[in-house]
Amino acid sequence: MKTSKIIIASLVSLTLVSNPILTFAATNDVIDSTTEITTDKEISSTQPTIKTTLKAGQTQSFNDWFPDDNFASEVAAAFEMQATDTISEEQLATLTSLDCHNSSIADMTGIEKLTGLTKLICTYNNITTLDLSQNTNLTYLACDSNKLTNLDVTPLTKLTYLNCDTNKLTKIDVSQNPLLTYLNCARNTLTEIDVSHNTQLTELDCHLNKKITKLDVTPQTQLTTLDCSFNKITALDVSQNKLLNRLNCDTNNITKLDLNQNIQLTFLNCSSNKLTEIDVTPLTQLTYFDCSVNPLTELDVSTLSKLTTLHCIQTDLLEIDLTHNTQLIYFQAEGCRKIKELDVTHNTQLYLLDCQAAGITELDLSQNPKLVYLYLNNTELTKLDVSHNTKLKSLSCVNAHIQDFSSVGKIPVLNNNLDAEGQTITMPKETLTNNSLTIAVSPDLLDQFGNPMNIEPGDGGVYDQATNTITWENLSTDNPAVTYTFTSENGAIVGTVTTPFEAPQPIKGEDVTVHYLDDKGEKLAADEVLSGNLDDPYTSSAKDIPDYTLTTTPDNATGTFTTTSQSVTYVYTKNIVAAEPVTVNYVDDTGKTLAPSETLNGNVGDTYNATAKQIDGYTLSTTPNNATGTFNTSSQTVTYVYTKNIVAAEPVTVNYVDDTGKTLAPSETLNGNVGDTYNATAKQIDGYTLSAEPTNATGQFTSSAQTVNYIYTKNPAPEKGVVEIHYVDENNKQLSSATKISGTVGDNYTTEPKNIDGYTLTTTPDNATGTFNTSSQTVTYVYTKNIVAAEPVTVNYVDANGKTLAPSETLNGTIGDTYNATAKQIDGYTLSAEPTNATGQFTNSAQTVNYIYTKNTNIDQPLPDKKTTKPSNLKTTEVKKASDTLPKTGDSTPWKSALLGVFLSSTALVIWKKKK
């Protein structure tokens, strides 16, 4: 019986060794009925079986497959093996997920062997290149925080997640990744990002590239998160992103942002742009909003009832209404100098309030019991009451104007967290008394404990603690202010009080009037009035008066202002000088002399008086302004103008007729006075020509009626000419429809060429301009087709999986030219189908022609290598996956060994039965 068992065991072993396929099937049976291996003993017991599952092909250690030791270790760990263990290429292809982040990897060579990968995480390494052309099953790729300068993901058509953040990429092509839902290419040096083919994106992050000037996300209708901050984008259209929940576009050059369609937004940061207005009233779900560092003057947040955070730092807002934002927790308006008032009494949930450098002068914090952080530096606040803010942990109000800090002491935690240096207080202006000034120290200067603060006078003042006053002596208005400082005991509060002062107002003296008269008491020049304070000196001065000499300088030419008005009189004598004559003329309104001129003579400064004359038939119409005046050193003319007495004349009738006497235009009637001149004028009458100018077209009105007749002759009908304009190429092919122009024979014509797309004018005809004549004329403009280099056509030779089988070809040409791509003969492959665009025309867009081949099927395959391999530490589940692969069609099977095994087994069974 024992011998029989040994024989049967030997036969079975021989059969299994002779037929590995049977061994593989047996292994599957074991795995299917076994749970996950948990003990060293179990692993050891399965190693011989795993060892037999290694497929035929190259087998070497992980260190051999992967030159980078750190990478080799990470891949080995994924198989729960050591880097020195051996593994086949087929087994490497079974790995589906690899996380080798933060492993100091510099070289990813060998990644191409992991063709089964669907997920790869290689973040936080020192990788400079990453070739994933063979990893076409990847759906998840995270390669951020490396040193990549180039990343080609075009073969990864199944990719749904891509994170290449924090590298050195200057470009990224995701046009072949239509399934992407997540894309993070932030912190690179991209100048553009085209996501027009990625319509499934829900998250896009391209911030901190600093060079992107435009971004089109209109195709991304599923987008929920967008971060394009820290770039140079000037315009952003999010009207099609109606599912957008988070938008961060800060630190760009955006001038306009329309958010009317983005009503699901909860987070919005558009700070540091160039927005002059923004409408957020439709965004009722918004909880976070930052519009800081924009030239905004208005902002309506009344509909944002869910808002918890609002930042409007360094804007030009004139006001901000927070009464509807009752959930507000964080509010910052730092640098908003134009905001003078702020009501936070409705914001009972406030945790942080920052109004530094705002223009507010008062602030009611009585309704903010949850306030923890309060920043009021560089404000115009003069009062502060935090007695209701018992949870305050930090208060800073440096460089304000606050005197009383007693409310702070009611919150013990603030005693060591109060910063109130640099307070400046300006008191009302005081008046000096004998160059001295005494002022009372402000009783409102109280520290956080309600105690008076320590006082230190400046500018040489003396402090009297008993009277709480400070006195300054010998003050000068050259420095018209005095100061003193105040300090709390713990030094948290420091400030300066400034009191401006002025000298007593002086008493005004009565005015001094200075007169300038001749020796007859006549005024020669305007008086001067001198003003000043009582007892101040005054000085008067004489004037230079033409033709007069000063003869008397008054004794009181200088003196002092008194309580009585004073007069100072300078007396002059006229100089005797013969003047030029004054000529008096008498003329009509045409300048014609009507009577002899008169000549008046005298001395410079003397008065002259001209008189009019009575002239028969004329009436004086103009009395000259200088009829009375003063003789001087220049000759003068006085002209009296007369008008002839008017006698109405009979009218002159002007007719416009043809040679038969037919009226062609309404008559004109000319009226005037007897002796006046009339001038009749001809009219332009369509279709007629004036025959002759009448002899009496010009004449004088008389006491008799007169008639002037303009006679016209009818014009003959004009003869017309035609010019036809053609637009052709150098082969006389018509490029545009011909046009015609017509006109009167003898008139000039001008033609113009047309702008024809794709063509340039080469010949302007000599007769482009000319004269219409009785014959039809032809003008022909000749054009030459433009030669424009087209974008290339790339011809690829690939298998059904997109794998390159032969080098691509590049076809070049001119736009409009025809291209012809050709297939290649590739050993072991057959062309599946001729691409539809194998022949076409070059255009201004790059084109791709793909020849797709099918691998030929080999009938005869070599027998598998029977060499044994080292035991594997693969998990049972992974061994099962590898063993599920059946022989491919055409693989040879060791049937002879199988039949021999069956025969021997049968023979042994018969012998055993006989012995039994």
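Each Cβ is built from the backbone N, Cα and C atoms, and glycine gets one as well.
Taken straight from Swiss-Prot:
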SIGNAL    1-25  signal peptide
REPEAT    94-115  repeat 'LRR 1'
REPEAT    116-136  repeat 'LRR 2'
REPEAT    137-157  repeat 'LRR 3'
REPEAT    158-179  repeat 'LRR 4'
REPEAT    180-200  repeat 'LRR 5'
REPEAT    244-263  repeat 'LRR 8'
REPEAT    264-284  repeat 'LRR 9'
REPEAT    285-306  repeat 'LRR 10'
REPEAT    316-325  repeat 'LRR 11'
REPEAT    338-357  repeat 'LRR 12'
REPEAT    359-368  repeat 'LRR 13'
REPEAT    380-402  repeat 'LRR 14'
DOMAIN    506-568  domain 'MucBP 1'
DOMAIN    787-849  domain 'MucBP 5'
REGION    862-888  region 'Disordered'
MOTIF     886-890  motif 'LPXTG sorting signal'
MOD_RES   Thr889  pentaglycyl murein peptidoglycan amidated threonine
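Outside the repeat 'LRR 5' (180-200), and at least 6 residues removed from its termini, the chain residues within Cβ reach (under 8 Å) are 144, 159-174, 206-217, 219-222, 227. Sequence-distant contacts of the repeat 'LRR 1' (94-115), counting only residues of its own chain at least 6 positions beyond either end whose CB sits under 8 Å from a CB of the stretch, comprise 65-68, 70-75, 78-79, 121-137, 142, 878, 881-882.
Counting residue by residue with DSSP, the repeat 'LRR 12' (338-357) contains 0 helix, 3 strand, 17 coil. Note on the repeat 'LRR 4' (158-179): mean pLDDT across this stretch is 98. In the repeat 'LRR 8' (244-263), helix, strand and coil residues by DSSP number 0 helix, 3 strand, 17 coil. Per-stretch counts of Cβ pairs under 8 Å to the repeat 'LRR 14' (380-402) identify 359-368 as the leading one among 158-179, 285-306, 338-357, 359-368.
Counting only same-chain residues 6+ beyond the ends of the repeat 'LRR 10' (285-306), those with a CB under 8 A from a CB of the stretch are 250, 263-279, 312-318, 320-327, 332.
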